[in-house]
């Protein structure tokens, strides 16, 4: 497993596929939090109880309907080393929480890595579906189908008044967290983002940086997700997110066109400078890499850079330049300084080969 | 500790904000925290909701103290989690906690979600049960009505229907 594509390839298969509005929306994700009625939530479960949950969930893997969706493998976290866990976090296949502290923690992954089901995270089950581009409804439909399959074999904690019962009060009701990862460089350059973000939060949505809660927006990537899970139906939640994301896409496109019209030379200079630095630098910290990669991605999307570098390579480099990945590829632990050199080297060679 | 805003009331909402490694601590009393709407999760300042949850749980949103006449459980009999522990960690211990702490959850859910009742997806299996339970309640109401109207023949047939349905629900 240690050398499998799961840990050495930055791009999951699902990321290679084309999706609508991919110039702005990198990915769409839906997560459903579910629990079993008869066991305490993972936080209070004994080793024996969380082990039972894992066995019950493992039992569902033979379900024919589940096998009809894709091939799945179950990976127990105790069988992974620290670097491998970190790579899975950087690929968004597991949460930092599961990597760090889960007892009897496991993840069920589909072959193309678009479905990941965490076991014994904060809740017994966290069903997650990832799609390339803006396909939030498709992600929900698939997650809901998988949810139905698990529910047909497991007794869920569900209450008529409160809905799906979750460990954290912020997830109760639908247990649904839907999010879109958006690249918004033009709104950042034109400083409109400062007006936009508060507006987004006022309609019951949350905005976060690339690596989820608590992290700042790296490389102009923003994750927009629903905040409310109780009292709104799944359709309402998705519709709300869909409409707001559509508006943001339109704003970003307008801002890009405005930049092209009003400061074309500056923009061309900026993206090509960043390309030059990425192609030649010897030391590159993660923050600078994220910013330069964002510039080049914008340049590619607007046709301002004469290169064969594809948008997909840029997505790949964003994941690859994360600390876990760099170390996994080097086959050893690296100090931050060593990582900066390795990161620069990796980006140089990837751009050269494209 | 006194509220850092008004300086006159004891602080009941405490949290720490870390931006770029710079740590700032906040201590507010209930009324100042309420006034500071921007501190509430889901708004622009982007504080983690988990940091704020325990503050919210201690919150009495009516400002009048509890008016509920129902007995309040201080402990979940199923998993042993106490309400005090719950309000500190902001996490339930098991699904039964929702029942044991039920009386006190509406203000919390109202604050976090703006709503207290689920309207979305219903699982297929327990969904069937929920549907039948609703039907059972309807039949019982009708039975009551027939008895009041002294329509005993209709009442008897309803009573049989109720028994059948109760057996069916028990078997689900």
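Every residue gets a Cβ built from N, Cα and C, even glycine.
Over in TrEMBL, the protein carries these features:
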type    : residues                                   : note
BINDING : A:27-31, A:92, A:126, A:177-181, A:208-213 : ATP binding site
DOMAIN  : A:24-255                                   : domain 'Phosphagen kinase C-terminal'
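Known features from TrEMBL, placed on the structure.
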{"residue": "A:27", "record": "ATP binding site", "Cβ contacts under 8 Å, 6 or more apart": "A:15, A:19, A:92, A:130, A:131, A:132, A:133, A:180, A:181"}
{"residue": "A:30", "record": "ATP binding site", "Cβ contacts under 8 Å, 6 or more apart": "A:128, A:129, A:136, A:139, A:140, A:142, A:143, A:176, A:177, A:178, A:179"}
{"residue": "A:126", "record": "ATP binding site", "Cβ contacts under 8 Å, 6 or more apart": "A:31, A:32, A:33, A:34, A:95, A:117, A:118"}
Other C-beta atoms that fall within 10 angstroms of the C-beta of residue A:179 (ATP binding site): 24
